[in-house]
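J.: Input: one structure, supplied below.
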Amino acid sequence: MASRRVVSSLLRSASRLRAASPAAPRPRAPPHRPSPAGYLFNRAAAYASSAAAQAAPATPPPATGKTGGGKITDEFTGAGAIGQVCQVIGAVVDVRFDEGLPPILTALEVLDNNIRLVLEVAQHLGENMVRTIAMDGTEGLVRGQRVLNTGSPITVPVGRATLGRIINVIGEPIDEKGDIKTNHFLPIHREAPAFVEQATEQQILVTGIKVVDLLAPYQRGGKIGLFGGAGVGKTVLIMELINNVAKAHGGFSVFAGVGERTREGNDLYREMIESGVIKLDDKQSESKCALVYGQMNEPPGARARVGLTGLTVAEHFRDAEGQDVLLFIDNIFRFTQANSEVSALLGRIPSAVGYQPTLATDLGGLQERITTTKKGSITSVQAIYVPADDLTDPAPATTFAHLDATTVLSRQISELGIYPAVDPLDSTSRMLSPHVLGEDHYNTARGVQKVLQNYKNLQDIIAILGMDELSEDDKLTVARARKIQRFLSQPFHVAEVFTGAPGKYVELKESVKSFQGVLDGKYDDLPEQSFYMVGGIEEVIAKAEKIAKESAS
């Protein structure tokens, strides 16, 4: 009983003490400190959600009924707006507009200038400033000068009025033959044809050049690349192709000179006049070729866009007139080089080997427009300069992916005095198939390549041991290979003024028959020098007889 009273009194005293004293604070949990990455992620997520909540429209915008997909369309705005030049750094010009920025790729024209200076919008800087690339020299340009928004991309004249004429990147004639009188104009920035509009057909374009037609034939409506270093004959080969195709097929050609020598452009123009490809004065409408020049003395903006100008002229002949057009680009590497300069001027960080990060995109935008549609075709032959003869350089390597045939010009072959200096083993074509060419042509081409490859394999043995150590079969292989090597040479029409030898156009059937005869050993008794710089096999026989008479006398 006494113990129970003691316990109850202790409980009562404890309760009084608890009521009188303040509540003891609970022990705090250690503060949660998120990691820096988690903190930044949480802040970014909160900001994005709040920004999205503020920017979300109450109702969806009305449909416009046009499906541009954010690509190049005709919906350019702000035509007639006036801006002011606020900064000039070489070929880069910054222009301020008080209201409404012109879209990317819009053409602007500088007012009150001594020449027509076109600027193309490349970047938007802030809310009222654009950075542009000049299509001509910016000498004499001053801050505050007025600039007009044309409301469209660079637009150039197209159609038959351009035949026999030379125009620049913005469509101005530069041949001193007056204005180009036409009602047809097109923007140089256009979408590639849709898949449903494209057509694929396997047909050879006969060039009349033996080594090309036999070993790496060109596809009508395809893309062909001429690879080679400096001075191995790319431009001469292109000039011969223009000459042969104009005479043999009668089709229209467009030549785009991109960043090459002005002297060569002038020589090409004179050659075309002399050969009748271009006619002057009253007969100009009978011309077969249009020339578009943006040579190496032009600013990078002009060189980066002149290829598109030439392509636009060719597209009109294909789409509006249903023509099979030949588009020659000399040199597609200069197109890449100019875009690299523009990229550096715009402050983009360079990619591999100093090229622009958008190398594949720039090239693809041009190449995808060169195609065959159900209306007509564009067959493109592109000279491709190979820096330091390195085919793994990003510029030529990226171009390879777009090509249907490659014609590789070799310095080793040119050093032997064999022109055109086409490498018969490195040059390739998707057309080299028995289903396309037929069994005779295919077997002859492969037979020629096999003999040349065997000769190449034997050259080390010959250099070390000499010809006497070879077997009889190997000696025969070497003799035939040397004849084939020389027989692949050919005098060109456009080189007559330099060599004095008349040019030769060799039909495809004759080429196949002649080389098959060499492989079969029909001409083993003829000296190898009789195969050098001739056309068909009849000329070889005639030259051999002439050599025999000279040696006998």
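Yeah, the Cβs are placed from backbone N, Cα and C, and that goes for glycine too.
Below are the features listed in Swiss-Prot for this protein:
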TRANSIT   1-47  transit peptide
REGION    16-36  region 'Disordered'
COMPBIAS  24-34  compositional bias 'Pro residues'
REGION    52-71  region 'Disordered'
BINDING   Gly228, Gly229, Ala230, Gly231, Val232, Gly233, Lys234, Thr235  ATP binding site
J.: Which one of the binding-site residues (Gly229, Gly233) has its C-beta surrounded by the most other C-beta atoms within 10 angstroms?
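T.: Ranked by Cβ atoms within 10 Å, first place goes to Gly233.
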J.: Which residues in the same chain, at least 6 apart in sequence, have a Cβ under 8 Å from the Cβ of Gly228 (ATP binding site)?
T.: Lys234, Ala383, Ile384, Tyr385, Val386, Val408, Leu409, Ser410, Arg411, Ala421
J.: Name, in the order they occur in the sequence, the residues of the same chain whose CB lies under 8 A from the CB of Thr235 (ATP binding site) and which sit 6 or more residues away.
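T.: Once residues fewer than 6 apart are set aside, Thr235 (ATP binding site) is near Glu260, Glu264, Leu268, Asp330, Ala383.
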J.: Translate the DSSP assignment of Lys234 (ATP binding site) into the three-state scheme.
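T.: Assignment for Lys234 (ATP binding site) reads helix.
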J.: Beyond the listed site residues Gly228, Gly229, Ala230, Gly231, Val232, Gly233, Lys234, Thr235, identify every same-chain residue whose Cβ lies within 8 Å of the center of their Cβ atoms for the ATP site.
T.: Tyr385, Leu409, Ser414
J.: Among the binding-site residues listed here, Ala230, Val232, which has the most company in the form of other Cβ atoms within 10 Å of its Cβ?
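T.: The residue with the densest Cβ neighbourhood is Val232.
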J.: Return the single residue from the binding-site residues list (Gly231, Lys234) that has the minimum number of other CB atoms within 10 Å.
T.: Gly231
